[in-house]
Structure formats: structure tokens, C-alpha cells
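As written in TrEMBL, here are the features:
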type	residues	note
REGION	B:1-26	region 'Disordered'
TRANSMEM	B:37-57	transmembrane segment
TRANSMEM	B:85-103	transmembrane segment
TRANSMEM	B:110-126	transmembrane segment
TRANSMEM	B:132-156	transmembrane segment
TRANSMEM	B:163-182	transmembrane segment
TRANSMEM	B:220-241	transmembrane segment
TRANSMEM	B:262-284	transmembrane segment
TRANSMEM	B:347-367	transmembrane segment
Amino acid sequence: MIDEASVILASAVRLTVPLAFAACGEYIAERAGTINISVEAMMLGGAFSAVLGATITGSASTGLIFGMVAGLIIGFVHAQFSHRLGVNTYVVGLVLSALILGLTSFLLDSVKLDTNNQVNAVNIPYISDIPLLGPVLFSHRWPVYLLIVLIPFVWWLVQRSRFGLELRAAGENPQSADVTGIDVRKRRRQALLICGLLSGLGGAYLAVGEVGMFNQNMTAGRGFVVIAAVIFGGWTLRGTIAGCLVFGAADAMRLALPALGVQLNAQFLIAAPYLLALLAMMFLAKTHRAPGALGIPFVRGTA
Amino acid sequence: MTKLLEAPHAARPAGPPGPAAPRTGAPITQRLRTPGLYALSLSLAFAIAGLLVAVVGKSPWDAAVAMYEGSLGSGSSIGQSIDQAAPLLMVAIGSVIAARAGIFNIGQEGQLIIGAAVGASVGLFMPGPGWFVLLMILLCAAIGGALWASIAAILYYWRGVDVVIATLLLIFVANQVVSFAVNRPYLLREQAVPGQTTASQSDMLRESVWLPRFGEYPGFNIGAGIFIAALLAVGVYFALTRSRWGFRIRLLGLNAKTAHRAGVGAVVVGGGALLASGAFAGLAGGAMLTGSGYRIQDGFADNVGFDGLLVALVAKDNPVRAIPVALFFGALRAGGGFLASTGIPRYIVAVVTALLVLAVVFPTAFAEIQRRRVARTTDA
Amino acid sequence: MVGISKHFGPVCACGDVDLSVAAGEIHGLLGENGAGKSTLMKVLLGLVTPDSGQILLRGKPETISDPLTAAARGIAMVHQHFSLVGRLTVWENIALGDRGRVDREHIRTVVREVGERYGLAVDPDARVEDLSTGERQRVEIVKCLRRDPDVLVLDEPTSVLTLEESRDLFTVLRRVVADEGKAVILISHKLDEIIHATDKVTIMRQGRVVGRRITAETDERALAREMVGRELSKWTAATAVGVMDALIEPGQTEPASGPQLEVAEEPTTADEPSAQEVSTPEGSVAADPSGATPSAAAPTVTEATTGVLLRIKDAHAISPEKIPLLRGLTLELRAGEILGIAGVEGNGQSAVGDLFSSLLPLTSGTVEVDGKTIAAGRPGAMHAAGIGVIPEDRHASGCVLDMSVAENLVLADLGGISKRGLLSRSRLNERARALIEEFEIATPSPDTPMRLLSGGNQQKVVLARELSARPRVLVAAQPTRGLDIGAIEYMTLRLHEAAKSGIAVLLLSTELSEILTLSQRIAVIHRGTIVGEMDRADVDVERLGMMMGGQTA
């Protein structure tokens, strides 16, 4: 029983990791005032590039870097279009999602990719042997530990650094930030770049970390679940990560329940994270307060 | 929570640029710059696509030829393009209505497949003369799409859930709902024929409820869908520009507070617009069902919802302008189907489509930036 | 020595403006809305790039391209509408304009130190959104002072303050100048403020400097003349000066005087925005009362015979953030009277405006017109009940900038111009032309987008639409804010006429002088409730001021 529980929990943690990387990025982007729906594109692009990179270099870890770069490029394009040219951010996100889905599908059919190249798992000596907790927390592929370091760093970056302070000001009250001498659009662009970097990493981890290969449309809407996680978390980092865990656990249950002999129909389980996200937003959207200028493009001189 | 105060495109012209308002009296070079930019960015989009094909070791020329063959090369392929355009146009009309009301519905993909599923059940189980059942299929498909959109509307107006995210997430739910239905023999899964295995799809609709087709079969022939879509486009265009309803939609989209004061309720008019856009997506599903597929299965929507949305974006929220855009996108889709013979994955069409949208969005946005920059230095 | 000279472009908000301010003085910058004061200061702060001219600091030319550079050169500004971010704490806000690492402890200490030095105590860990407007302004000033600026600019600092808070502010400013030898520039259009608080004053009109005076050697009347640019009637002068004493002599009132509607602005051509339009950042400048020209003795209209038309009973309302906006507001309004609601900005005036715009639902209490209860907050309910509104922020809820003038003139009343759900273009245009003529709206055509009209003409469109709907009640919230003189005069006259024709007029204004000029009865709003009421004839300014500050007297 403990074994089964720890398997499910470990798989929940594993499935949370890609979401959590991307969610850290999305959290930063939203605190700066952008609802970034191209996070899906960033994850998908990151996943593909990671496998491509792993195939080219033979190293899955280098693949992760490829994935991050891909996310960064998508973030750059999004940032230029929506926070320099002023194109509606949803339009940009939607088009980028379509573009990356098409592009990765096209390339997948045209390029021969490795199918079994994964980053190494690291069992932390001794503590990974602890029953239940050991396999759940201390027996993972190495990027998981990176995530554990990343989360406090992101918190520090947003809550304590000058950059984060200016970022939040840009997301809460861009007009005020502007008269104080903060380049609002620039901060928002930077937030999108970071978001791209982290979401790319999330997607890359999904591909070369968990699955070991790339499938067509392999993120399948996980990016949108990430957005829901940020809303679920009420725009706090803690809540966002908790949201990811909830959605990751739902995903893990989908895989684990049939093995446990529980019969639930597949369609319901696949839809579960999305339903959960909708329900979460339904109950939380009114109580949580979004950044003041979330989703509102900044134009100087309009109050 | 964002209310999506902005229409989903970059620069809405401030009004009809009639001679009465020659404020943008820019020098001729500047006025020529925007069309030039269009030409430049469109060719860039095609160039990138061609480059991609070349990179994977295929000939862009072959691709272009195949695309041409599949979309315009013969009477039948022209018909194919037009058939593909019909649902795109329907989705686009709906998107326009929502966008004019200041609402960004991006869940057409889901509303479409739900509409199609509802239409399929009507088509399979409703007795009656063919023409009547066909009408009922289309009507119920539209209602199905509207109901699916109403979930997002309720979530938004009642609980403040962002429309964009809600409609988006509902796509995934819709796909699973339909998948559920076509996997259950007591719902939509096809009836077993002795000696054959059944697949995850519905039975085929009987021929009498198919949309009528015009033309000679091997040659040029098109379904009635495009006529319905075009009529609706023109009708909606007039409704939006000439009717009280259109005036109210526009009022709401441009200034929700003023609208509220003037008695235009966001819930009624805005929610209505969202439902209407869902209905058009559902109708598109019904048209695809009765016009070409005749049965529903997983993946039925095939990105038509998203592509239709892009049509609306390119057409800058004008239903009449959406007609040629939809025809063009339809041609791309039809041409994509022909690519298989060349070994080039048809996904390149999706890439081209997305690049084209960026290419179209860019010049207006760029011009707007230029205008604003000029304004800032002169106005202060 | 600080010598600032500033030349500024051709079609301009500021044309060839020179301004020099010496250390150790409070320098008043006086002018009406749109005179170019704010623009000039924005140039100094690096928020606006000038076409020409230069800034000399201590005799050396400096280029100031953005607010951070300005800060580095020792120039800081207390903005009229605060530059604070509500969701952040006080110390975070104060750290916002800095560079380098964020040192929380250091900043908190600095906040306390600066607070002690100048008598501006604030809690560094409080969230700005929880503070009162007065406290927020203190934060704003601390934010500026902690950088030890040489030049401190205050833009209309008292528009959101009570009398007492204003007095405190000037004490602080005096200390800043006297003890530390800084220069303070005080932007204002209130003459009494300039007279009391400044050492020197520069007067601007239509983007140009029209006078420089030593404050001690001039008086309010002379300043008013220079600011407005013509001799004023006694009544108007009093309004402009903001000296209420002149107004309070009852009895002999000024007959229709002064240049009136002949002054109506020149038609604004669409391709050449007028200087006024350019120079007035819409809605950002506080109301200016100076042009108010009552055509006849305001207080003579009789209202004794008519009954109560509009009644608000014990209205409570909260904002979406659950902050109370109205706390038991009660008032009554009779046909044909003008009731002025005075109060310091941010005490519920916007909520009252929103209430009548159907934008604010009540948590309890009722609104009645003619004894019938109106469903507050339901779309269009107030309009349908015959309440017309000239909203405080016309861009937010008064008009639609991207629709044509004609469309803006009908908005709610599509009945007369449509048939079976379809709009009739010709009838729309017919109606629009009639209104454009009647209200002297300067527009190239009815099809011109609203956006291209000047502020005054936009306001006329709103007024025309609301009056053409034949309302029983007209609510005018800050109706003259951000308008030029001609438009203000026009507005004032129209409101007066509306009352005479039997409409019950509710005037919400933060400008006491505007209220005193127009109303027959005055109520004072404080923290979302009416704290007192008096007839125009019994007005005691001292008492009024205390009520506005929250003291019941």
C-alpha cells in the first residue's frame, strides 16, 4: 500500500515539475501585467527543441538548454509584438500557439529524432531510501532539484529584488510606474523573456526528462493549465505551485487509477485537469485579486 | 480579472477616414509605406515557409505546385477550397460579433465540435423528411455551440472567470465530451455490423440530410455551405452596422461603462454576443457534418475553430471582408491536403497560416506606433 | 542659484516660456487649466520632450530625458494624481524610483527619519491603498524629499486635501524652503493659496508667461486679472479668486455681465488641434472656476412651491474591493433648484455620480424619482427614470471616443431614429445636426469621430445628449473640469437655464467657488455621507470648510 501510494505521489511530483517550471514563468509574466497564453507555445517549442538538441548533441541535458532557448525566442517574439507593437496579447499568444504547433508537427514528420534520451535521475544517497518520502521527493531526475532551488529564487526575484519591485509596479499601476521613471513596456517584455526561458525549460523537461521523446502536440494544453494554476494560486507563488501540484496530482491519478483497478472512463480523466482548473477559477476568481493592470496594455498618457 | 477592454486586434481605425477628418494628413510616402509593408511582410511569411520546406530537404517549388493543384488547379479543387472556406467563414462571423462587443472568444474549436455532435445526434435519431432534418441539424448544432459558449458566459458574468481562459480550457473538455460520446454504443458510436469491428466514430448520416451540392461531380462542384455562410456574412454585416442591436454591440465593445449607463447591459448584450459567436461556431460544425464529413469522430474539428478565428483577425472584424479571407484560407487548407503526394507534411499549412496572420497584424501595428510617435512629438 | 529657461515648440502648450526659481523660495506657478503649467513641469521632469529650449541648473545646461535623470539632477515632483502603487507598501513605493539593490531596512529607517525631520509621519509598512488621501500625499512628499532634491515641484497639491491638511502641507513646505534652502515650485490655480504660500509667482496664460510678481507686492484681484487676461466682473472675479467673502454679500447680485456666449470657441478644425486641446491633458487638471459667469442672480429662483423630485434615502454602497463608498447618504432635490454638493475630492462624489449613471448598485437604501423607487445599478435604469448625467470623467462613462459625434448624441435614445430595429441614418443625421446647432458644438461634421473634438466640445455633446432626452433631474459632476474659459461659461449658463426650465440640478464639485456661484442650496459630503446642508444665503465659509474637513459644526 505504501509502495502504491509512493508511486502515485512520486508520479504526481513528476507530472507537476514541467507545470511548475512554466508556472514560475507565467507567474512572473502575470505579475508584470501580461496574461501570456503563448506559454503553451513556449512549452511545446521547448519540448521539441530539447529532443532536437538531445538528438544533435547526444546529450539530454544539453537538450534542456535548447528547450530554454526555444522558449526564449518565442517569448521574445511575443514581447515584441505585444509590448512594442501593441498587438493584443491574446492574438499574439493564439497565433504563436498555432504557429508552434504547426511547426513542431511539420518538423516532427520531417526530421529523425531520438526516442529514448533522458536526463539522468539522481537518487540522493540515504534519504532517498526513506519509505514513502524517499521515492516521492528524493529520487528524481536532476532538473527537479533545480526546480527546488528555482522556486525560492523566483520568490526573491519578484518580492525582494529591485527588478521584481518594478515588475509588480508595472503590473499593478503602470501609469504610476511610468511617472516614477520605470519603463513599463520594457519590464513587461523582460518578464515575458523570463517566462519563455522557464516555460521552455518546463516543456523541455517534459520531453527529455519524463517522456524521453517528442510526440505531436505533446503538451496538449498543459500551458493553459499553467495559466489556470496561477489564477488558482491567486497570483502568489506559493498558491501557484500548490495549483500545479493539484493539477499534477490529477494527472497522476489518471495514469494510476486504472492500475489500481479503479474503473473510471478515460475521457473524464483526461478532461479532469481542465475541469478542475475551471472549477478552481469559478470559486476563486472573485476572492483573489489579480494585479491591477493585468491584461491591460500600457499606453502612456491614458489613466 | 481582465475584462478584455480591447478588441482583439491592434489598431481599430478611429472611424471612417472620410474627407471630413483629414487629421492623418501624412505625406504620400508615409501613406504608401503601409501597403509596402504588407507586401514585404507577406512575402517574408511565404519566404520563411519556403525556407522551412527547403531545410527539410524538399523542394519549395514542388510544394507550391502541389498547393496550387490542390486549391486552384482544377474545377474540383476550386470546389474543395470553397467547401473548406464555408465553416471558416461561419466561425469568423461569430468571432467578429464577439469581438465587436469587446469579448474575446477563442473557444470556437470546442463550440464547433459540440455543435457537430449535437447535429449528429439529431441527424441520426430524428425521423422526418430530409430537408426538415437537415434544417434541424443546423439549428441544433448552432444551439449546441451557443450552449457550450454559455458555460463560459455564465462563468464570466456570474463568477468573473476570464473569458479567454475559460473558452480555451473548455475546448479540451469539449473534445473529451465528444470522445466520450463516440466511444459509447448507447450514445453516438456506430452500430456494429456483423463481421466488422466498429471504430470510435458515429454512423454516417443518411444521404437525404446532407447539404445539397451543386455542379458536376468529378469537375467543379460545391456544397451549399458557402452560400449559407456568405448570406450570413452579409446579413451580420448589415445587422452590425445598421441595426439597433449592432449599435448596442458596438457601444458595449467600445465603452462598457457608457453602454451600461445607456441601458446596454453587459450580461444581456455581451453575453448574447458570446452566445451568438458560439452559435456560429456550432453552425460551422453542423455544416462540416452535413457538408463533407457526414459523421463525427475524435479530432473532427481539425483546427477549423482556430483557423476561423484567424480569418476574423485578418479581416479586421469585418464580416464581409471575411469572405475573401476565408476563401483564401480555405484554399490553403485544400492545398495542404494535396501536399501528401509530395511527402511534405501538411502541417506546413498551419505554419503558413500563422505566419500570414502575423504578417497582416504587423503593418497596422507598426503604422499605429509610427502615428503615435509622430503624435507625441507634435502634441506634447 | 537655479536658473531654468525653457523654450517650447510652435503649436504649443508652452511657447517660449522662461521660468527662473531661486533656492530658498516657494515659487508659485499660476494659471488656468490649459495654461501650460503642467506641461512645463513635465518638461522639467523629463516626461515630455520639448521641441526647443533648454534647462539650466545652476547656470549649466542640462538635458533631462526621463524622470530618473531628473531625480539624479535633484528635481522631484509631487504629482497631482499620485504616482503611488496602491498594492505596494509605503516603503516599496518609496524604493520604486531608486536604483540598485533594494535595502528594506535602510528604506524604512529613511522613511522614519524624513518623516521626523519634516513632520510627515507615515508607517513604512502600511499598504498605500489603506491610507487616506492626505496620508498618501505625505508618502508622495517623503518619496521626493528623501532624495534630497534641490527643486521640489508640487502640482495642484491641495485639490484632494481638506483645509487643515492644506495648512499642514504649507507649513511643511515652508520648513523645507527655510531650513534647507531648497526651491519649491507650487503649481496652482487657486489664488488664495498662491497669495498665502508663495514668495514669488509666475503667471501663465495660453502657454505663455504673462507676468512675474513678488507675491507680497500683489493681490488676488490683480493676479486674477493677469491669469484670466481681462477685467472681470465682481462676481466672476470673486469666483476666480476663490475668495468667498466677496460672494457672501447677499442682495445686490451682478446682472448678466461679461462677455458671454460670444466667446464660444472657434470651430476646431480637425487637422489642426487648437492650442487648448493640446495643452489640456483631458481630465487631469482640476476644475477651474474662473470663468463662471452666472447670467442672473442665482439665488433668486423660487423653489418653495415645487415638491421633492429626487430623493436618496440612507444609501450605502461598497466598491468591488469592499471599500465603503457611500455610508448612509440622504438627500432631497426639488424641481427647478440647483443643489450643490461640496466636498474634498474622494469623499464619495464619484460614487454619487456612478449611482446616477446606473453604475453603482446600493447595498441598502433607495433612490426615488417622483416617489418611484429606481433599481440602482441596473443598466439604463436611471436614464429611463429621467435622470441625465454629465459624468465626472466623460471619457470613462460620458461618451464613446471611437464613435461619431452623431452617434454620441443619441447613444441611449435609439427609439426616435430607428424603425423595427433598424437605424435610420438620415434621421440620425437630422437629429445630430439640430443638436449641433442648438448647442453650438464645433465639429466639422456629424460623422467626425468624437475623439477629434476638443474637450469643451466633447462636454457640449454630452450636455446636448443629456438635455435632449428631456430629463427631470440633471446630475453634473465636475462639469467644468479641464475646460477652457469659453466652455466653462457656456456650461455654467446652460446649467442655470436647465434649472430655470424646471429641471432639478444636482451639482457635484470640489470647487467651492463653483458651487457657491451656481447653487441655491449647498450640501457637504464627507466620507460618503451628507454632513450638513445650508441655504446659499446663509453660507458661512468657515463653517463650510470645517464640514468639508469632517467636523460637524
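Here the Cβ of each residue, glycine as well, is placed from N, Cα and C on the backbone.
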Cβ pairs under 8 Å with the transmembrane segment (B:262-284): which stretch of B:37-57, B:110-126, B:163-182, B:220-241 has the most?
B:110-126
Intrachain neighbours beyond the transmembrane segment (B:37-57), with Cβ under 8 angstroms and 6 or more residues off its ends:
63-64, 344, 348, 351-352, 355-356, 358-360, 362-363, 366-367
Sequence-remote contacts (6 or more beyond its ends) of the transmembrane segment (B:163-182), Cβ cut-off under 8 Å?
2, 4, 103-107, 109-111, 113-114, 116-117, 148-149, 151-153, 155-156, 188-189, 200-202, 274, 296-298, 300-301, 305
Intrachain residues whose Cβ lies under 8 Å of the transmembrane segment (B:347-367), provided they are six or more past its termini:
9-11, 33-34, 37-38, 41-42, 44-46, 48-49, 52-53, 63, 303, 307, 310, 313-314, 316, 329, 332-333, 335-336, 339
Folded-back contacts onto the transmembrane segment (B:132-156), same chain, C-beta under 8 angstroms, at least six residues removed:
105, 107, 110-112, 114-120, 122-123, 126, 162-163, 166-167, 170, 174, 205, 208-211, 228, 271, 274-287, 289-290
